[in-house]
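Accompanying notes for the structure given below.
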């Protein structure tokens with residue numbers, strides 16, 4: 001689902017104009033019932049007996065849409081993904097494949113392509129086509145090629161792994177003028193873990209700076225893969241596309257013919273459609289699924305009737321039945337994507353498979369933060385908005401939280417930072433909510449003196465120092481690929497973020513891979529931005545969780561006039577507590593208006609003050625004269641002053657403007 | 001022709017010896033009776049005489065600058081400007097067109113000629129206005145009739161004439177005792193005129209009650225200059241001193257030139273210090289600091305201004321002036337043409353005070369804002385009676401920390417200061433408000449100095 005999550009969250013409003021394969025667009029253009037071709041049902045009905053029977057050769061029908069629906073023997077099915085770094089040309093290549101196979105008309109392609117670029121770049125994730133069924137004829141033999149797209153961000157690596165698990169092969173697309181990037185590498189490893197056949201493709205060979213030989217060598221060195229036959233192409237110029245299609249047919253193995261086994265279909269994506277409920281994307285691994293079947297989801301335990309099944313080509317096109325090896329979608333009046341999670345196995349209710357497909361896992365939020373409406377009246381709206389988002393995002397968790405400084409809001413859990421940003425942005429942009437967002441926190445494991453271990457993702461709820469024996473924090477292994485001139489700055493960054501240097505390898509003469517192990521908490525914040533700015537944008541990174549480690553962590557509290565401000569509490573490493581404390585108190589001093597009394601602003605660890613500032617008292621605020629008894633102006637001024645106070649939050653006796661909280665929370669994100 | 005034709009009222013009986021308790025307000029109706037509707041009819045009238053020789057650089061008032069055409073004698077000169085007579089004629093039309101609030105003839109206890117520079121107006125015209133007011137509303141047996149006068153705009157004869165008409169209180173706009181500062185303010189007079197004017201006022205028979213008006217926190221004003229001004233003021237022995245803290249208003253020359261707290265204006269701390277010095281020096285010289293910017297010898301409060309602080313109603317006449325009648329505050333147009341049009345509407349009955357629309361919240365704000373400016377403070381019982389006990393208790397709770405920090409003072413029925421602990425006990429007591437605590441006021445000088453902060457806190461309680 002989160003393959004979809006990525007794109008869906010990123011480009012909510014623009015969805016209708018997303019890729020040709022954009023589902024909503026498809027739905028809008030051809031509403032399901034109308035779009036059902038009569039010829040199709042006849043054709044497919046005729047083939048029920050022999051799903052793997054050879055198709056009636058290259059049907060010379062002018063309706064390209066129909067011949068794509070024709071069944072081919074399972075030995076002629078190829079399921080594949082494209083692995084590529086952002087900007088390395090995945091979308092362009094996908095578009096070219098669709099175009100050359102006649103899946104999408106050239107005229108339509110352009111428009112889709114152009115629509116997408118800005119958004120993709122803005123968020124650094126690929127707006128994908130989810131899946132597309134193509135018909136390709138090679139040596140007079142028709143093949144059914146299913147392209148299954150993957151999201152391009154490490155926050156969604158679970159979803160990537162499920163998409164890859166639905167394939168037998170992958171195209172590894174690398175920009176011949178650039179080289180392999182960290183994220184690509186991570187996905188290649190995922191593909192290798194899933195036993196995928198990988199076809200290296202060197203893209204953009206038309207560019208003057210292209211060095212296909214160097215890049216081929218780089219891939220060989222880094223991945224250890226033979227690149228002597230790497231396909232050289234320019235998706236943009238249409239060079240090498242046929243070779244790629246031929247390679248897909250010849251190199252990627254067909255799915256196993258297990259059509260006679262009980263149904264097992266792997267969900268690799270799902271999304272919520274307000275009119276039809278959840279649309280589930282799946283790959284039939286074993287058995288067959290027919291329209292009207294009573295199905296069950298083995299992990300969620302939910303049962304449904306498959307009201308509609310079909311394929312994506314790239315629009316949704318209804319079919320009656322799908323067999324092992326095929327890729328399609330179904331709609332079954334499912335109310336929330338949480339009931340049809342990515343990685344879950346679809347089986348028949350009455351003839352349930354013995355075991356679910358491997359690899360399913362629950363979404364585990366890694367990053368938490370508090371979301372509070374600036375206007376307390378928006379609390380209910382915020383709840384509704386989160387509930388709506390959750391319909392389409394099973395990984396989003398939230399529960400109510402209240403804070404003396406912020407009022408009522410929600411503690412929310414996210415897969416990662418990108419996921420968090422996307423949700424925040426949607427809440428603000430689409431739901432018009434003005435939010436205060438607390439500094440993100442990871443999930444700590446707190447070992448208590450009584451031997452118990454509790455999880456804590458909210459600094460203000462950290463058990464008292466006397467009750468805890470130690471705190472463990474999640475660690476990640478992070479691999480950064482960088483041109484050699486930025487190795488220094490990047491190692492500095494690793495060092496600053498409490499990183500433990502693991503290894504460095506020159507993957508080519510000019511590029512190195514730098515591996516650190518560091519606390520996830522240090523990545524939450526501006527790590528990625530820093531990496532980019534310190535390498536002038538050239539470095540890339542990838543990380544994976546490697547477990548929990550004990551750290552010397554302390555809870556840093558902020559007190560204003562002696563009153564603690566829970567929302568500003570953070571968990572930091574002891575060595576950083578002083579500088580963080582200083583930065584926060586200084587910022588607060590700048591932003592809190594002076595009061596009628598001196599206000600100490602302190603950062604404390606327990607009872608110990610580690611940084612302290614003070615606001616001096618206002619000395620004078622008086623309007624001296626009521627000329628001629630005209631008090632209206634004076635009253636207006638005082639009313640305005642009173643209004644100003646109302647917009648502030650009272651911390652004890654001190655009025656703190658909301659902007660001060662926001663600025664400090666922003667600062668926390670930067671300094672933590 | 002306008003001519004003074006009414007009997008003189010200057011020979012008022014000599015003042016009674018001052019009352020023993022200085023902190024008592026003058027014997028007037030408590031504001032609370034006006035907070036509870038219907039408010040009693042006005043017994044005060046403000047008359048705006050907007051003419052000045054030129055606009056002072058800090059002034060954003062509705063004035064008419066006559067221009068510095070004449071270096072002639074202060075007595076005639078500008079006095080003959082036809083614009084003044086024209087304006088007074090308009091003013092008299094407004095008085096004539098105004099219906100007294102009460103039919104049973106509540107006479108005016110106070111009349112205040114403000115400006116502008118009212119001393120530029122020929123006494124005969126002042127007489128005509130007084131005449132009209134008397135005819136329309138009646139004057140009490142011993143009204144307070146104040147007039148603002150600027151140094152250099154009058155001589156002894158003119159003052160005598162005014163006093164002869166019934167004027168018995170002069171507010172002398174001295175502002176500073178330093179030529180440099182007067183010049184920097186764009187005042188139309190220098191230090192010599194100041195000394196002359198003080199001489200004329202103190203020498204005038206029949207005029208016991210006069211006020212020296214000063215401005216603190218002027219650009220380039222030093223602590224020494226301020227102390228010099230205060231010394232000169234005390235030496236002149238006025239019965240009343242008004243000390244205004246300079247406000248930098250948008251649209252004035254000062255507004256373009258200066259930023260509060262930034263040189264050449266004194267810093268906030270220095271400015272607060274000037275206020276404190278005034279409070280200390282004038283108190284030591286025997287003046288009561290009875291309102292944020294007003295000091296007086298015992299018994300010499302400006303009765304007219306006290307009307308404002310006690311939230312009682314008052315008439316107002318003239319350009320840009322603000323009246324408070326039947327619970328409605330109304331400010332007249334600030335431009336002459338619009339004012340003239342408005343007077344005409346009033347005359348033909350095309351304008352009337354809108355029915356009382358001020359809500360209770362606004363009324364409560366007015367009471368708090370005005371009474372907390374004074375040393376008498378806010379009458380808690382009366383406030384509770386008018387606006388409810390729970391609001392009163394919320395207000396007290398809001399102020400409690402400031403009672404403890406000394407910015408707010410609680411007082412008993414006799415206006416004796418109480419300990420903060422008494423306040424706490426009293427608030428916890430479930431019975432009637434003010435079993436012991438009867439008044440709260442802002443302390444002098446610290447509470448007064450932060451009056452905006454404290455009053456706006458109260459506003460937040462009244463209109464949450």
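Heads up, the Cβ atoms here are built off N, Cα and C, so glycines get one too.
Feature annotation from TrEMBL assigns GTP binding site to A:84-91, A:149-153, A:203-206. Counting only residues at least six positions away in the same chain, the Cβ atoms of A:176, A:212, A:232, A:233, A:234, A:239, A:240 sit under 8 Å from the Cβ of residue A:205 (GTP binding site).
What TrEMBL lists as domain 'Tr-type G' is A:75-256.
Per TrEMBL, region 'Disordered' is recorded for A:1-41.
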Using DSSP reduced to three states, classify residue A:90 (GTP binding site) as helix, strand or coil. helix
Just name the most isolated of the binding-site residues A:84, A:87, A:90, A:150, going by other Cβ atoms within 10 Å of its Cβ. A:87
Integer average pLDDT (0 to 100) for the domain 'Tr-type G' (A:75-256): 83
